[in-house]
Amino acid sequence: MEAVIKAFLTGYPGKTSKKDSKEKPLATSKKDPEKTPLLPTRVNYILIIGVLVLCEVTGVRADVHLLEQPGNLWITWANRTGQTDFCLSTQSATSPFQTCLIGIPSPISEGDFKGYVSDNCTTLGTDRLVSSADFTGGPDNSTTLTYRKVSCLLLKLNVSMWDEPHELQLLGSQSLPNITNIAQISGITGGCVGFRPQGVPWYLGWSRQEATRFLLRHPSFSKSTEPFTVVTADRHNLFMGSEYCGAYGYRFWNMYNCSQVGRQYRCGNARSPRPGLPEIQCTRRGGKWVNQSQEINESEPFSFTVNCTASSLGNASGCCGKAGTILPGKWVDSTQGSFTKPKALPPAIFLICGDRAWQGIPSRPVGGPCYLGKLTMLAPKHTDILKVLVNSSRTGIRRKRSTSHLDDTCSDEVQLWGPTARIFASILAPGVARAQALREIERLACWSVKQANLTTSFLGDLLDDVTSIRHAVLQNRAAIDFLLLAHGHGCEDVAGMCCFNLSDHSESIQKKFQLMKEHVNKIGVDSDPIGSWLRGLFGGIGEWAVHLLKGLLLGLVVILLLVVCLPCLLQIVCGNIRKMINNSISYHTEYKKLQKACGQPESRIV
């Protein structure tokens, strides 16, 4: 122990023995500063004591070596995000978490947020899509868009995170759908929300740099000394407006309650009048203007007629129907108490903002637009496609015949006849030749099935070995690249680091392997031809119905046979009876003739 302390204090290790450990330290030369003992002086003692006191006052603990070390990086990331499919991007060596994922909107239910919110969202309010509530006797067109539920759930999040959620760079995200059918609105329509401090004149067209510059130049708007997290997309011009958040394709009629003040017009609760007629303000943006007290005749999304009247209208009032409006969203106040710390989202649910995503809500977010959704691969896996096909509609499925596979006990010894045997058998016994041919075909089918089963089993074992080796290579390569990046070595330091080509024919191999297995199953024995015919005739009927129809068909065949054969049987029986009677009568006549010829009386005949 003393040797270790000595090596630590002197700055260089050395071999020491028990005898050397008892001796005093060797005197070092002042000319060699590297071998000068690092023994603390009086000034160093004062500095060490001051640092310890400062750490005790500020609450900084010195036992950081007792913190639990993190486990596997990718397993930790998958457990925290609920996402198991991801890939590393080698386009930038300094961004190892840049993924090959895209964001997709997903229906949000309160059951998914159980345990993550403090209360339920019971009263969400409604949105009107056809006309505002100012009209007297207007059409009832109220609905609840998704942004109300999203904003309510975000404000009620109560599970805080220790650190800020990791930002994921996405390839992009899917836009929200437009409303093309007012009777069928999906559960993801209108789910965009934005974040801003209360009262800040925010604009969705701002980039990340513009938003950051505004917050730095106007600190009074933020009303907080803590920094904000800008969640606007990097390529914000691709993820904004109706192209990203969706739009309402029909006209929305709104009441313009305007009064003329000199040569200007004041509309609604405007602070100051503006120049220009309200009609021009409406038609300049593609709207349709109707003066007050006139009728509005609309045919889409459904036909309705309503008067452009309301209470307490000004002398320049009217109705404006604008088309192609962006679906309404909501600005969430990012200075509220629920956003002062990063909040956790349920697994597999992400805050998606264009080409950026978080598995949680960063502290004091600003910007947008964003929605809650999930992540998926740009090119889905073969298993994902199979799941979609299985869960899709099952209409138009062809019914297979009730053939049974050849078992392992079938005979695979194929013994073909020679030319001489075939010629004599075909001339002398054609039936025997046909029976022999059918038997050999059956044995040949059995041999083919067994050979194909052995081949597929062999290829399956090889495929498992190749897959395990591939996984091991990819894991080792990811670990090596990440360790090099963690130590500051990029693509320019290590040759071939960012160019790692590993051929992937697993999908093609899996398809061919599956085709081989399906091809083997095509050889079978039709054990129930009548049942197969009935299933093909009547479609998807159950087995009990097949057995019932087979019984009825058998009874019908028996009845038909009786109807056809019974007259013949009756005719044969009647003929035999008639023949017996005729024979009996003929015998009796001959007997009488013989009796008269012999002159014997009839009474003496016994």
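Placed from the backbone N, Cα and C atoms, the Cβ positions cover glycine too.
Of the cysteines listed (Cys100, Cys152), Swiss-Prot assigns Cys152 as the disulfide partner of Cys121. Here the candidates are Asn79, Asn582, and Swiss-Prot annotates Asn79 as N-linked glycosylation site. Between the listed ranges 229-249, 418-438, 439-459, Swiss-Prot ties the annotation region 'Fusion peptide' to 418-438.
In sequence order, Glu110 are the residues of the chain that are 6 or more apart from Asn120 (N-linked glycosylation site) and have a CB within less than 8 Å of its CB. When the alpha carbons of Asn257 (N-linked glycosylation site) and Asn297 (N-linked glycosylation site) are compared, the span between them is 20 angstrom.
Using DSSP to sort the residues of the region 'Binding to host receptor' (261-288) gives these counts of helix, strand and coil: 6 helix, 8 strand, 14 coil. Separating the Cα atoms of Asn453 (N-linked glycosylation site) and Cys267 (disulfide bond) is a whole-number distance of 81 Å. Taking the Cβ of Asn178 (N-linked glycosylation site) as centre and 10 Å as the limit, one finds 17 other Cβ atoms among all the protein chains shown. Near Cys258 (disulfide bond), with the C-alpha within 10 Å of its C-alpha, lie none of the recorded positions Cys121, Cys192, Asn291, Cys370. Under a cutoff of 8 A between CB atoms, and with a sequence separation of 6+ in the same chain, the neighbours of Cys410 (disulfide bond) are Glu442, Arg443, Cys446, Val449.
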